Amino acid sequence: MFMINILTLILPILLAVAFLTLVERKILGYMQFRKGPNIVGPHGLLQPFADAIKLFTKEPLRPATSSTTMFIIAPVLALTLALTMWSPLPMPYPLINMNLGVLFMLAMSSLAVYSILWSGWASNSKYALIGALRAVAQTISYEVTLAIILLSVLLMNGSYTLSTLATTQEQLWLLFPSWPLAMMWFISTLAETNRAPFDLTEGESELVSGFNVEYAAGPFALFFLAEYANIIMMNMLTAILFLGTFHNPHNPELYTANLIIKTLLLTMSFLWIRASYPRFRYDQLMHLLWKNFLPLTLALCMWHISLPIMTASIPPQT
């Protein structure tokens, strides 16, 4: 029975990822005054399936000088971790109801760094290695602010369980009292998922395509799936944290529909940002975090800790 539950979580995620690639190409196409994919199926709707068949039927090439085992393990690990991170998300009922769901997700996203590092190192290519080192430095850096912002939000929530955020936000979305945190959180999620304007890992002019430059066919598709699954997951987490959805136990489908609409709107903004903004320089990327975001998030975190004590109250015990 538990296996069926896992499959009913994983298959829709993979399907959503497949169509997200199509939506991205369509939106970027229309923003650049062209059509986007429109040949395969009606209005190009079957394009993701054509891409999947093409990728998985090609021969997975492997550089002669690469470290075979690690080269193969890295993409599998990337996708496994990306899918595992979905398990504590309440939609409205999580796959595994954890007391420390938020910490679990942070730990999993930290482990995802290893798949990037291994893929870059095992490829035995200077471009892949530099791309991997950039990606790792960026991901680790932005995780710091993500963790501090999460802590600040959880101080208002009074619990590490994600499900209780729906109860906390019945009266008011946390977006309103903590909008600076929400803005920094959104920008940090862009950087965490290596999306434009923070896609420094795949600077075509200098690194060809980043840490996955030596990958082809199936393993490349696994990295691709992991990246897009992370994008949807991060946006869903943003919707749960800051745009709390009202949960009526008698009608849980309403919660799911509401959450999905918010997640889709956030994902659209990811694509809109990609079409609008040029790539940051690497030093600007690091300055933004260490000189701007970190002091601000620390100050706001201290504020969220001290305010309840100052007003002689405690966080809500939900």
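Yeah, the Cβs are placed from backbone N, Cα and C, and that goes for glycine too.
Annotation source Swiss-Prot lists transmembrane segment at 2-22, 70-90, 100-120, 136-156, 172-192, 222-242, 253-273, 294-314.
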Contact between the transmembrane segment (2-22) and the transmembrane segment (222-242) (3 or more Cβ pairs under 8 Å, separation 6+): yes
Highest-contact recorded stretch vs the transmembrane segment (294-314), from 100-120, 136-156, 172-192, CB pairs under 8 Å: 136-156
Beyond the flanks of the transmembrane segment (136-156) by at least 6 residues, Cβ under 8 Å: 102, 106, 109-110, 112-113, 116-117, 168, 174, 177-178, 181, 184-185, 188-189, 191-192, 194, 198, 200-201, 241-242, 285-286, 289-290, 293-294, 297-298, 300-301, 304-305, 308, 315-316
